[in-house]
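First comes the structure, then the notes that go with it.
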Amino acid sequence: MTGTDDVLLVHGGTPLEGEIRVRGAKNLVPKAMVAALLGSEPSRLRNVPDIRDVRVVRGLLQLHGVTVRPGEAGELVLDPSHVESANVADIDAHAGSSRIPILFCGPLLHRLGHAFIPGLGGCDIGGRPVDFHFQVLREFGAVIEKRADGQYLEAPHRLRGTKIRLPYPSVGSTEQVLLTAVLAEGVTELSNAAVEPEIEDLICVLQKMGAIISMDTDRTIRITGVDKLGGYNHAAVPDRLEAASWASAALATEGNIYVRGAQQRSMMTFLNTYRKVGGAFEIDDEGIRFWHPGGPLNAIALETDVHPGFQTDWQQPLVVALTQASGLSIVHETVYESRLGFTSALNQMGAHIQLYRECLGGSDCRFGQRNFLHSAVVSGPTKLQGSDLVIPDLRGGFSYLIAALAAQGTSRVHGIDLINRGYENFMEKLRALGADVELPNGARAV
Ligand code: EPU
């Protein structure tokens, strides 16, 4: 929705200063919630942020008979003792809300023998196909029928472990394999798997439930199926993507932000890049302080990649800071084919960013010969001016907030409700950091 009811007025030019806290990762928590469906006992998930994706999964679990109740602050207790089929129309009401519903396939096939998956949502940053997901499910023995309203799946027999090689180390497809293989009969060997920290954390969750999973150093994951899983008690890994967003905001606004909950281990690649750009940080046991140390920032060459490379979700917020660096920065986006479109609004604010179809910088990627504008040259430093902005996707949207905060003058940022998908209480956090933001008269709080 990008109507007048979710507009934020941002008066820029004030450095963001203070402390905020990040909780469990958006890209782990909803998946750990789905994992609870595999167990025969209740699970307790801690460090759960109040974001839209969590609410969507909670609704879907409840439709399938899982009771989900809040425990102590930031806790969810999920009881899957009475899993049942849900009404297709009720599930379909969640169509377009998130990408997580596709991860219900394996657990529902194990628990019920059938599943219905509605049309998926998620950010518009590329085609976002799900062909790998359905391919691996077929290899486990699932029968899939595509109909107008969504995908109908059945498992006529118990799913069987299998040998799978992903064409690309896709995060979601790796999770699909994990959530399916743990209760499948026999051994599954997955090669070319994604190994993001959130995947490791999901493996920790599944191991607590009784799964047998080993990870080799060459992106191979082996899962020995078991007959039954129990519950888990787990504190979700902190959100390294949100932490990096606030770090980029500190740099772009010449501010100083302590991100409580940020962890060095999962952010090492980001921290190296931050230092190369000229950002400063200090790590302690509770979090990381990020700040602009004064003086000019450095232009860099940046290439996004699967973990342990530079995470694609870090790219958009950092690009805003690169508009303030001296010289030419080169950005090569190799994970999503259309994740640089957000830069046209930065240009409207005064940035100089030119997009290219060629692979610029490091290596050739899947998109080089396919006519996608997936490389950028950012010339800086450029002064940014407030503007009218329409949020295109989650990370692009947060980047617009950063740009508006770094700019002179007032910006009207439309569609801010989208940011609630992945940033908990972002309005309160902005205010805690001294941002001059307001909802126009008559607008509802988001
Ligand atoms: N891909 C296919 N076919 C598939 C699946 C993926 O071609 O069946 C391609 C995608 O089109 C993309 C690449 O593989 O080019 C990587 O996609 P991946 O499956 O890894 O992404 P995802 O699981 O859909 C998750 C995060 C994203 C994050 C990516 C990469 C969640 C809910 N989403 O998406 O997070 O960018 O992994 O790390 O976990 C975000 O947080 O803003 C966000 C978009």
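Including glycine, each Cβ sits where the backbone N, Cα and C put it.
When TrEMBL records R99, D313 as binding UDP-N-acetyl-alpha-D-glucosamine, the matching candidate from V66, V68, V77, V335 it lists for that site is V335.
Cα separation, C123 (active site, proton donor) to V335 (UDP-N-acetyl-alpha-D-glucosamine binding site), rounded: 14 Å. Of all residue pairs in the UDP-N-acetyl-alpha-D-glucosamine-binding list (R99, D313, V335), the one with the greatest Cα separation is 17 Å apart.
Same-chain residues with CB within 8 A of the center of the R99, D313, V335 CB atoms, the UDP-N-acetyl-alpha-D-glucosamine site residues themselves not counted, are N27, C123, I125, V171, T312, Y336. Listed binding-site residues: K26, R99; maximum Cβ neighbour count within 10 Å falls on K26. Local packing around the recorded positions C123, V335 was summarised as the count of other Cβ atoms within 10 Å of each Cβ; on this measure the leading residue is V335.
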